């Protein structure tokens, strides 16, 4: 890749030009990385509901177009900017939307993974260095003239492109012999779910759990709880078609709210003798959050917020409901510090501690990205892997 270092690269990217507008595969220019930045050739990328939410324009504050979405991927370092020491040309890496500088007070503490400078920020659309973008395209103006049009970044990553530029804090080196398609899942969904069970709730062997929402993240929570030896994993979802997949992730009981004549939390309390030890809310619905909280056992029950909440509604709890010892906490990227902890997690996945294969339900070429979005919208896909670039040799 030496022939492209320090030069602008012209490549293909899927650009979204407005809410709910089909993505356009088009030619863009990708600038060289600046200080503490890395330019990566993307090999595979998958689609997450967060991509879908931004494409939908669900949160007006997040709207910024044109934009390159995508944040779950795996790729090869093409070149690095000044000061980058931990990765080099040819390294296999995964991008992470939540970075780790290793220098700030948060990175130096065990209690949090929210780096002061590179933590996840859905409103962020430019690079930290200079407040500019590294993507652009040419648009035609009236009268036949043309001009360069900047294209915004997304979640510190932007992976629906053959080449992307990231802050080095958001690039994690992985084993070159790892299964690349599966490794892309660690950029978001699987790490977020498994980490919520391992790092945030700290699920113990023999304990009971309830997972509300059996999408990719919810199933990853279940898989994490299974790997930790949970004796009972209750899956809650209104889509009965998800239950079969849940069995592969260790779910022992299934509840479809549509089949009940009583609140879900009441049913869970009845079948568990008072409530579960841990509950996980993975839908981003505050009403479901209340059910998840009330499904935990008085005195020690713990509820973890994993879903994204786009609405301005507040937490539907009375302070006295916390008085009895139940807890509620949030989770970002499963509590994983990406650079210092994700490589070990990847090794555990390679050893089979966590099963990654069942999460990949579809594979499509890059040019079929709009079909992949439709599969997710229709609930027919957990993770659809897109081949962005060809891997010539390994």
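Placement of Cβ uses the backbone N, Cα and C atoms for every residue, glycine included.
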According to Swiss-Prot, which candidate in 188, 282, 349, 384 joins 48, 50, 71 at the Zn(2+) 1 site: 188
According to Swiss-Prot, which candidate in 54, 115 joins 101, 104, 107 at the Zn(2+) 2 site: 115
Which binding-site residues sit within 10 Å of residue 50 (Zn(2+) 1 binding site) - Cα, from 101, 216, 218, 306, 308: 308
Distance, residue 188 (Zn(2+) 1 binding site) to residue 218 (NAD(+) binding site) (CA atoms, angstrom): 12
Cβ neighbours within the same chain of residue 104 (Zn(2+) 2 binding site) - under 8 Å, at least six residues apart: 115, 116, 117
Among 48, 101, 107, 308, which are binding-site residues, the residue with the most C-beta atoms within 10 angstroms of its C-beta: 48
Residue from 188, 306, 308 whose C-alpha is spatially nearest that of residue 107 (Zn(2+) 2 binding site), among the binding-site residues: 188
Neighbourhood of residue 306 (NAD(+) binding site) by C-beta distance under 8 A, where only residues 6 or more apart in the same chain count: 192, 193, 196, 217, 218, 221, 280, 281, 282, 331
